[in-house]
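Chemist: Per TrEMBL, the features are:
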REGION    1-48  region 'Disordered'
DOMAIN    101-190  domain 'Retrotransposon gag'
Amino acid sequence: EEDPAKAAEVVPPEGEGRSSRRLQRYPPEFGLLPDRTRTKKDPSTLSSAMATTPAPIILHQPRLPPMFNAAPGEDPEEWLEQFERVAVFNSWDDQTKVSHIFFALDGPARIWFENNEASLATWESFKREFLKAFTNIIRKERAQLLLQSRIQHPNESVTAYVEEMKRLFRRVDPDMAEEKKVELLMRGAKEALFGGLTRNPPKTVAEFTSEAAAIERTLEARARHFPRQPHVTSTALSDGTAFGGNLRDVIREIVREELRRLLPSSNQPQVATLEEIVREEVQHALGTPSSPP
């Protein structure tokens, strides 16, 4: 007889459900899924992973050096400084600098380079020969004269004045002594700054900049918090009675004192005013007889 359990078993159609363990009445192969747990990452391992991660490479457009034509108004030292800045930005080594020189020269400068290219194989040799060929002595003398006559303008800040003087220092003498620089800075400083700097004279350019900037800030704070009225300035000097009258009295007294000292008391003339003294001297010089006033 047929087993009732087997008779009750539902047999799926052929080709369907053969791979299903549930339909074949088999137990699950792996059981239930485990509970989902979150694992915390160790900060030390995270930082170490970030440290080992390579930095991204940023590509940028390379800069082109300025052109030098050896024109009368061009400064070879400034051109070299600009070329060096471009080389640092583009990460050029000395040999790469030399290979780019030809493309940065034009006119007489390029002709000079072509004629002397064999002796300009290194960057140091190029700089030396380039400055020797194109440095203008007259331009240096002009810079020296400008440095000697340079003063701080009324509305010029301490920072602008010092930086301009540094540029002139470098152009005139790159190895100028610090004492000489401070002397030139002090000589051209504004009167309001000079008075404060003489109390504690600076010995270096950095000390001059720091002290002068502090005085400048103090003067600016005074102008903001204690402003002067426009009509009050120089009242004593512009008034002809207050200061001018006292000055005339002082002159009269000095003249009379000198006359009393030079002439004996018995022969001293009785002179009332400075006007009579001047009149008598003019008449004596012209040889005309004196007339009573």
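Including glycine, each Cβ sits where the backbone N, Cα and C put it.
Model, not experiment: these values are computed from the prediction.
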Chemist: What counts of helix, strand and coil residues does DSSP assign across the domain 'Retrotransposon gag' (101-190)?
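Modeler: Helix, strand and coil residues of the domain 'Retrotransposon gag' (101-190) number 66 helix, 1 strand, 23 coil.
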Chemist: Average the per-residue pLDDT over the domain 'Retrotransposon gag' (101-190) and send me the rounded value.
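Modeler: Within the domain 'Retrotransposon gag' (101-190), the model's average pLDDT equals 90.
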